[in-house]
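Features reported for this protein in TrEMBL:
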type: REPEAT; residues: 13-47; note: repeat 'WD'
type: REPEAT; residues: 61-102; note: repeat 'WD'
type: REPEAT; residues: 103-135; note: repeat 'WD'
type: REPEAT; residues: 146-189; note: repeat 'WD'
type: REPEAT; residues: 190-231; note: repeat 'WD'
type: REPEAT; residues: 231-271; note: repeat 'WD'
type: REPEAT; residues: 289-318; note: repeat 'WD'
């Protein structure tokens, strides 16, 4: 990390009764985060940053009847979108904490959801092997099946780059697929992984994406030139990936650990592992989800012990 930056644990957020499967942040609301869980709920947290209490659950969003797998926030911060094993997506009005729309068309568990940069389009991926495009009125506009994944679609993401309107998807068929958003046709198959994929994430400028899963390799792909760039090796299944919003870093959640890679140096700059009581517990603990605050100073991470741990960038003592 440049100029002696390091990450340290700042606090924990307790409130979920199941794995914390995803976390969403929003630049317009720096004192609020949203989390999804296997306890079938979403929690809106008020971030206090107190020494003793980093944050408190402000609202709990009820409605899904099974595990909630993913959550994203609209760019204005007033709405959230979630996906669940109950086969539906929900659009939530965060002011009231109520469901604004239910999206029904998938026939199996919804594993991933995303908003386009302008919030007008929604994409979802499911265990029914399809990718669906929706409008915000919960109308399914298109189902991608031709040249689609031959197994579960574990992750779908829009590129933030309006000059290159694409969707990136990852599946249990070991493939990363890039789709042209204008006609929903396949643009590229990125081949290289040796096992199922859990996650794919697009860099803030939309120029590259990273994928990871069973083979413990984080692979980076150039979205403009449609080619593989390089591989970062790990020793555990990769559960989640995220790029820093303002540094050239990629965070990789692998087992209980988050590895932070400097992509220029291709070196691990920090390794974040929770101090847990017993070794057997540590081996079981998984980091499942991550989200940066928009200023890039705070990393929120969700775990299989139902906690959100809050890691912060600080200047190391010289």
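Just so you know, glycine gets a Cβ as well, placed from its N, Cα and C.
TrEMBL entries are annotated by machine, without manual review.
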What is the number of residues in the repeat 'WD' (103-135) that are helix, strand and coil, as DSSP sees it?
0 helix, 19 strand, 14 coil
In this predicted model, what is the average pLDDT of the repeat 'WD' (13-47)?
98
Contacting positions for the repeat 'WD' (289-318) when only residues 6+ beyond its ends and CB under 8 Å are counted:
1, 3-14, 16-27, 30, 33, 35-37, 39, 45, 54-55, 239-242, 244-247, 251, 253, 256, 258, 272, 274, 276, 281
Residue numbers, six or more beyond the limits of the repeat 'WD' (190-231), whose CB comes under 8 Å of its CB atoms:
151-152, 154-155, 157-161, 163-164, 166, 168-178, 237-243, 245, 250, 252, 254, 261, 263, 266
For the repeat 'WD' (61-102), how many residues does DSSP put in helix, in strand and in coil?
0 helix, 24 strand, 18 coil
Residue numbers, six or more beyond the limits of the repeat 'WD' (61-102), whose CB comes under 8 Å of its CB atoms:
18, 21-26, 28-29, 32, 34-38, 40-44, 108-115, 117, 119, 122, 124, 126, 134, 136-138
Using DSSP, tally how many residues of the repeat 'WD' (289-318) sit in helix, strand and coil.
0 helix, 18 strand, 12 coil
How do the residues of the repeat 'WD' (190-231) split into helix, strand and coil according to DSSP?
0 helix, 24 strand, 18 coil
